Each structure stands twice: as structure tokens, then as C-alpha cells.
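Database features (Swiss-Prot):
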- 1-21: signal peptide (SIGNAL)
- Cys40-Cys81: disulfide bond (DISULFID)
- Cys44-Cys67: disulfide bond (DISULFID)
- Cys53-Cys79: disulfide bond (DISULFID)
- Cys57-Cys80: disulfide bond (DISULFID)
Amino acid sequence: MDIRKTYVIIFFVGILTISFSSYNIGQTRLVVIQEQEPHCIGPCEIAFGNRPCNEECTSQQYAYGFCDYQTKGEDNPQCCCYTS
């Protein structure tokens, strides 16, 4: 009797797992992230980090900003602002 009970429990757990995974797949919405070009407003002060850059960007009505080390290289990071 114990083996039959174990198999029934495993069966119901399997059915429950499949039903939840099918539910999630059916309800998933695809979110398209658009690649946006940053608006770089000037060089970053390496000693201060991202905080002054973010504050400057938010004061200019951007959502956020940070020091971008890829725009002009590691030696000359730029403060780049983003809208979203």
C-alpha cells in the first residue's frame, strides 16, 4: 500500500508541476527592450564615481546616469545619461 501511495503522490506532483509550467508559458509577455543611445554630457571624475554623474543627469530630467568606460576608453570615462 505504501508504494502505491508514493506513486500516486509522485503522479499528482508531476501533474501539478506541468500545469503550473504551462500556465506560466501561456501568460508570459515578451518585453522588447529597445537599445537606446546614451546622451553623454562630459567626462566623469574618476575619484568621485557614479554619484555626481547620476545627480547631474537627474537634474537635467534624465532617468539616471553613470560613468561609461566604453565610450572613450578606460582612461577617459564619460558621464552618460539615459531616459529609461
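Cβ coordinates are placed from backbone N, Cα and C, and glycine is handled just like the others.
Of the candidate disulfide-bonded residues, Cys40, Cys44, Cys53, Cys67, the one lying closest to Cys80 (disulfide bond) when CA atoms are compared is Cys40.
In three-state terms derived from DSSP, Cys57 (disulfide bond) belongs to a helical segment. Least crowded of the disulfide-bonded residues (Cys40, Cys53, Cys80), judged by neighbouring Cβ atoms within 10 Å of its own Cβ: Cys40. In three-state terms derived from DSSP, Cys40 (disulfide bond) belongs to an extended strand segment. Summarising the environment of Cys57 (disulfide bond), the number of other Cβ atoms within 10 Å of its Cβ, over all protein chains shown, is 23.
A straight line from the CA of Cys67 (disulfide bond) to the CA of Cys79 (disulfide bond) spans 5 Å. Annotation for Cys79 (disulfide bond): spatial neighbours Cys40, Ile41, Gly42, Pro43, Cys44, Pro52, Cys53, Glu56, Cys57, Gly65, Phe66, Cys67, Asp68, criterion Cβ-Cβ under 8 Å with sequence separation of six or more. Taking the Cβ of Cys44 (disulfide bond) as centre and 10 Å as the limit, one finds 23 other Cβ atoms among all the protein chains shown.
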